[in-house]
Amino acid sequence: MAEEKKLKLSNTVLPSESMKVVAESMGIAQIQEETCQLLTDEVSYRIKEIAQDALKFMHMGKRQKLTTSDIDYALKLKNVEPLYGFHAQEFIPFRFASGGGRELYFYEEKEVDLSDIINTPLPRVPLDVCLKAHWLSIEGCQPAIPENPPPAPKEQQKAEATEPLKSAKPGQEEDGPLKGKGQGAAAADGKGKEKKAPPLLEGAPFRLKPRSIHELSVEQQLYYKEITEACVGSCEAKRAEALQSIATDPGLYQMLPRFSTFISEGVRVNVVQNNLALLIYLMRMVKALMDNPTLYLEKYVHELIPAVMTCIVSRQLCLRPDVDNHWALRDFAARLVAQICKHFSTTTNNIQSRITKTFTKSWVDEKTPWTTRYGSIAGLAELGHDVIKTLILPRLQQEGERIRSVLDGPVLSNIDRIGADHVQSLLLKHCAPVLAKLRPPPDNQDAYRGEFGSLGPLLCSHVVKARAQAALQAQQVNRTTLTITQPRPTLTLSQAPQPGPRTPGLLKVPGSIALPVQTLVSARAAAPPQPSPPPTKFIVMSSSSSASSTQQVLSLSTSAPGSGSTTTSPVTTTVPSVQPIVKLVSTATTAPPSTAPAGSGSVQKYIVVSLPPTGEGKGGPPSHPSPVPPSSSSPSPLGGSTLCGGKQEAGDSPPPAPGTPKANGSQPTGPGSPQPAL
């Protein structure tokens, strides 16, 4: 084997006769032998070099077979024009034949039988061309039908943008990974038979990112034209509709490259022309694109960030900087940059750190104009309290001296004075809330002046305002409102039947005091029926001027004239501290003759109306009940109780039978009965 290898290595040099043949074909005769030998050595070396480079390309492609494209790449590497026309989609299987002392490699072509071609049946006739209509959109929404493409979800957009090798087209999931060039030939030769080639011959599968061509349909082109014209046009109503469409439409994924290019080019042109209105419109387009939850903008941030940063730190954005409000555009663009950093900044791209360095560099420079200085401070302040604490607060003293030199010094330029005033207002606006959280109260102007220089007194006053505003907001958050809606409760006191007419005592309590419905029954021993006057009823109420709730005892005392005993039925309830007003209503009613015994009497109703105590408004918060244990040894257990009673008034008719009150707790009142009020 070693001898054969040495023999093959010795035969790799071309014979010198080949050089003579080539020279004769070119019209050069009588070439010397030494010249042919030198040419043979040089050509052999060049061929070996090209072959080695072609093998390198083959190994880099992870293939086991050398192709003509590898030879072409090797020739291009040597600055040699490659050979054209020797390309094939598949590997060409050359066959070897020898005879007559010669060796020949040839490509074996397939023999075709004409009878097979003639007898082959004709293919099916294709279908005729037809037109079919379907809805592109219904009231601005694309219907989910097979003819309409589904909108690409945000996850798929992110995967295509960040991991192109893992993303696949809709028809490639079933086919699996892309195949090498040799796999298709192996499958064709197998004719349906499953052949698994060795991995050394096939190579590892690889996937290339397909070239994405952003081709818009006619409808999308028309939509893009209308949207861009409306966003930068003069009609505010159309502009609002266009921005709303950009912020909510889920089918703008294919038009994102156009929109980002439109915004970046528009900012570049209008900054040179100092067109403030168009710059504002373009920034509103950026805001609408970022508000759309279905769009993934990370692939286009490299175009949007320079456009937004230009509107922040540009030296001049309008024709009249002393009159036009370009400060609002800088503030709006600074908020956009902060939103971009919040959504797209990662540890890989470091968007926020790079933007922070840009703002800091332009702010620290002594030659920076006041407009650029304002934009840099606004951009840093919108990035959060940590950036303010780290980068802005340490430079407040230097910036305050620069502002004071412009405001208090000789008037050099009105634009500089206006810019310094805006920078001072911006610093006070953003630094005061941070200082209110960092520094403990109280706030001393001398301490602020010593730490922050000329801005110290103004900062101190703004910090005091920030503390007061924060306390007011906390008080508003902690304030609670309790609304209780309950039906009006009714307390009915009834007694068992006794000799003589008896009437139940009815106590009405307002709906603001939640009293449970309770029924008290006082049983007495039976006595011979005899006419007797109506009993006297007393309601003992306790009132207190304090704000706390108390426990009140309602006692019903009934005394009969013919007996020496008194029955007391206490009812304990917890109500808020109120000052009651007792109203005595005397009512004369007529009962059916079959149920009422002979005799005359009157009904006395005590209506208790609770009012707030003296010094308490109507809108005060309700008091929480704090029950106090009552004493059962006295009808009036609480100090300061008021005994409310009334004189008996004779009625025109006997009272109704006991135990038959109205359903709503009221008794029928005659038209002629007096109603005195206490």
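These residue numbers are counts, starting from 1, taken along the chain as shown.
Backbone N, Cα and C atoms are what each Cβ position is placed from, and that goes for glycine too.
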Record-annotated phosphothreonine (source Swiss-Prot) among candidates Thr503, Thr660: Thr660
Candidate annotated as omega-N-methylarginine in Swiss-Prot, where the set is Arg315, Arg330, Arg467, Arg524: Arg524
Residue carrying phosphoserine as stated in Swiss-Prot, selected out of Ser653, Ser673: Ser653
Sequence-distant neighbours of Thr248 (phosphothreonine) in its chain (C-beta under 8 A, six or more apart): Asn292
Three-state secondary structure, Thr120 (phosphothreonine) (per DSSP): coil
Between Tyr253 (phosphotyrosine) and Thr120 (phosphothreonine): CA-CA distance (Å): 49
Local backbone state of Ser264 (phosphoserine), from DSSP in three classes: helix
Euclidean distance between Cα atoms of Tyr253 (phosphotyrosine) and Ser264 (phosphoserine), Å: 18
Neighbour count (Cβ, 10 Å) for Tyr253 (phosphotyrosine): 20
Around the Cβ of Ser264 (phosphoserine), the count of other Cβ atoms that are within 10 Å: 20
Thr120 (phosphothreonine): tally of other CB atoms within 10 A of its CB: 8
